[in-house]
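Written below as structure tokens is the structure these notes are about.
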Amino acid sequence: MSLVAIGINHKTATVDLREKVAFGPDKIHDAMKSLAASTQSGEAVIISTCNRTELYCNNCEAADVVAWLEDYHQLSHEDVEPCLYQYKGQEAVKHLMRVSAGLDSLILGEPQILGQVKQSFVKAKEAGTVAATMDRMFQNTFSVAKKIRTETEIGAAAVSVAFAAVSMAKHIFSSISTTQVLLVGAGETIELVARHLKDNGVTTMVVANRTISRAEAMCEEFGATAITLEQIPDFLPKADIVISSTASPLPILGKGMVEKALKQRRHQPMLLVDIAVPRDIEAEVADLDDAFLYTVDDLQSIIEQNMASRREAAEQAELIAEDQAYQFMEWIRSLESVDSIREYRTKSMAIKDELVERAVNKLAQGGNSEQVLLELANKLTNKLIHAPTQALTAASRQGDLNSLGQLRALLGLDKD
């Protein structure tokens, strides 16, 4: 019985199976209560994202957690078991730390997973399925993830196209927060770009999209202005940065349109990042003096360099996770020793109280005080050395020199 981590992720299971074992936000509260009750662990946390579902329990058997997962989702053992991974004790703690630091993510070092783990922990506390051990484990994990972020370069370099596009803009403009940005498209990539821009303090964004309703929906979240593709020529002269990602088969921004905008800008430089395939911006735009055009290929080379940098940082991060997981288990073991010491002291005090009470009664009945005290001392000594004497005798008879040596050290028999 120990800390247990059971899970599947993007490396072990298909999207189809990951969907089947996922826990929706509306169900995860009751699911954690059910898991804690069914496995009799009392402590349970479920992490469920698009790329992974993981179950963490304390004081339970891994087989019981697997059985609960299969029963909850009505899946056969044959379907689930080949895709599962499981960790126990220190390895379970280390795995949680690796996951939270982004070391086990699809994109190495991505920061979003830490927020998702924190949300899962909060929900578990709300469900009442977290006690002292797992509370300490998760709080330590959050500190370790922060330590890894600050002491390594795991998250310093961009490894997504969206993040790389914004990072490039930050290198070109000394103060990106004061720039005006035109985003062309309203898909997932542009939405991620908008989020990175907002995180970097950009407040003036315009989103151009073929379907205005989709652009408007996105703009609500980021406080941006929505326009149609036909309105781009009117807004382009104001844009310091243009980032485009649509599914258009033909270019949306031509050389003539950009050249006209640059004239209206009185040749203030404009950064254009085309992350669409096929291209949204005509290649000839790069020939314009004040236009700086970068394509997805330019970004990809940056991403490849940065990924190599992250892999180096990950080696440092792994050592931190290993060390911190060991330290956490040291704390767990110290709790076990505290319980043992408390139990030993309680038992010894009970023996003492019983013998003292007998001695007091004998003295009250007129017994010889010297004889009563001597009898008390002898009986107390015999009671306290009984268990160690039995252990020493058993070790000696069995020829267990290792245990015999440990017992002698424990009893202080080898001290000068």
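Glycine residues also receive a Cβ, built from the backbone N, Cα and C atoms like all the rest.
Annotated features in Swiss-Prot:
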- T49, C50, N51, R52, S105, E110, P111, Q112, Q116: substrate binding site (BINDING)
- C50: active site, nucleophile (ACT_SITE)
- H95: site 'Important for activity' (SITE)
- G185, A186, G187, E188, T189, I190: NADP(+) binding site (BINDING)
Quiz prompt | Secondary-structure category, per DSSP, in which H95 (site 'Important for activity') falls | solution = helix
Self-check item: Annotated substrate contacts T49, C50, N51, R52, S105, E110, P111, Q112, Q116, maximal Cα-Cα distance (Å, integer)
Solution: 15
Quiz item: If you measure from the Cα of A186 (NADP(+) binding site), which of the recorded positions C50, N51, H95, Q116 is the nearest?
Solution: C50
Quiz prompt | Candidate with the highest Cβ count within 10 Å, taken from the binding-site residues P111, G185 | solution = G185
Quiz item: In whole Å, how far is G185 (NADP(+) binding site) from Q116 (substrate binding site) when you measure between their Cα atoms?
Solution: 27
Exercise. Look at each of the binding-site residues, S105, Q116, A186, G187, T189, and point out the one with the fewest other Cβ atoms around it within 10 Å.
Key: G187
Quiz prompt | Winner by Cβ contact number (other Cβ atoms within 10 Å) across the recorded positions C50, I190 | solution = I190
Quiz item: When you measure from the Cβ of N51 (substrate binding site), how many other Cβ atoms are you left with inside 10 Å?
Solution: 19
Exercise. Determine the most Cβ-crowded residue among the recorded positions H95, E188, using a 10 Å radius around each Cβ and all protein chains in the structure.
Key: H95
Quiz item: Hey, for the NADP(+) site built from G185, A186, G187, E188, T189, I190, who else sits with CB inside 8 A of the CB center?
Solution: L183, E191, L192, V193, S245, T246
Quiz prompt | Cβ-centroid neighbourhood (8 Å) of the substrate site, T49, C50, N51, R52, S105, E110, P111, Q112, Q116 excluded | solution = G102, L106, I113
Quiz item: C-alpha of S105 (substrate binding site) to C-alpha of the residue listed as 'active site, nucleophile': distance in Å?
Solution: 11
